[in-house]
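According to TrEMBL, the protein has these features:
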DOMAIN    1-169  domain 'Electron transfer flavoprotein alpha/beta-subunit N-terminal'
BINDING   Arg194, 219-220, 233-237, 250-257, Asn271  FAD binding site
Amino acid sequence: MRKPTLELLTLARRVGDPVAVALGAGAEATAGVLGEHGAVKVLTSEASEFADYLVVPKVDALQAAYEAVSPVAVLVVSSAEGKEIAARLALRVGSGIITDATDLEAGEKGVVATQAAFAASYTTKSRVSRGVPVITVKPNSAPVEPAAAAGAVEALSVSFGVTATGTKVVSRTARESTGRPELTEAAIVVSGGRGVNGAENFPVIEALADSLGAAVGASRAAVDAGWYPHTSQVGQTGKSVSPQLYIASGISGAIQHRAGMQTSKTIVAINKDAEAPIFELVDYGVVGDLFAVVPQLTEEINTRKG
């Protein structure tokens, strides 16, 4: 069970009694975990279509759940796939959609979502003007909080539409594991930028990340220079992250990078340029050479860990 899924249950309990939907092989086996985290009911379907085809079967299933439950809101993890599923569902049921929410609350006229706007320079509160809100929630927006509930399991009857089998999955390639958490879901992210000055120097960033059990990110400048894979790029044209702790090393803080990490709960920057824009939004800043500061920080963390 992925952590962002359980985070949705924490937020869902703020606005109602959560009903979870589990799809694919082993769906029924996950019901117990969902119940332990607040799901009063778990609707399951283990149809093969969810693995054999792309998002449309999942949209069909969510629509079936929507019609069976009559919810006050539909919550989906804010990933690339999650956003596509949410958009398709909202269109089908004639509802408004809110993406990348970081908090939810019950309002007099419906669920209110908190979002970051204009490259995270502002925080807004929004609600849809029509229908039941379909909301995608950014990972790390809420803690995982156990809350034992009934977790009653019910089979979900799904009628797959004619377009459900339109795009078939023909092969899968497993992502090469680094042993680190997935970037968009990590509680801690350590990123390197132009100041790292070469691919051969990124092990300094990786060592700090590994000492913290963190994911490794990179700025667009570092990625464009070929120093780190694009899959690790944080920013407007990369991935959006919202960890509990974000450490930026050798990153100036251009608006494009800030757009992808400014909702992080605590931000630390290490940069030798005291005038770097990154220092405008940090909680803690270190003006210094990252090649002196980062190894010392890594060593101190490892020492304290024993």
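In case you wondered, yes, glycine gets a Cβ from its N, Cα and C as well.
Location within the structure of each feature annotated in TrEMBL.
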{"residue": "Arg194", "record": "FAD binding site", "Cβ contacts under 8 Å, 6 or more apart": "Ser219, Ala221, Ala222, Ala225, Gly250, Ile251, Ser252"}
{"residue": "Gln233", "record": "FAD binding site", "Cβ contacts under 8 Å, 6 or more apart": "Gly217, Ala218, Ser219, Arg220, Val223, Lys239"}
{"residue": "Ala254", "record": "FAD binding site", "Cβ contacts under 8 Å, 6 or more apart": "Ser219, Arg220, Pro277"}
{"residue": "His257", "record": "FAD binding site", "Cβ contacts under 8 Å, 6 or more apart": "Gly193, Ser219, Arg220, Val234, Gly235, Gln236, Ala248, Ile251"}
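For Ile251 (FAD binding site), the Cβ neighbour count at a 10 Å cut-off comes to 31, with all displayed protein chains included. Arg194 (FAD binding site) carries a helical DSSP state (H, G or I). All chains included, 15 other C-beta atoms sit within 10 angstroms of the C-beta of Gln236 (FAD binding site).
Mapped onto three states, the DSSP output places Ala254 (FAD binding site) in coil.
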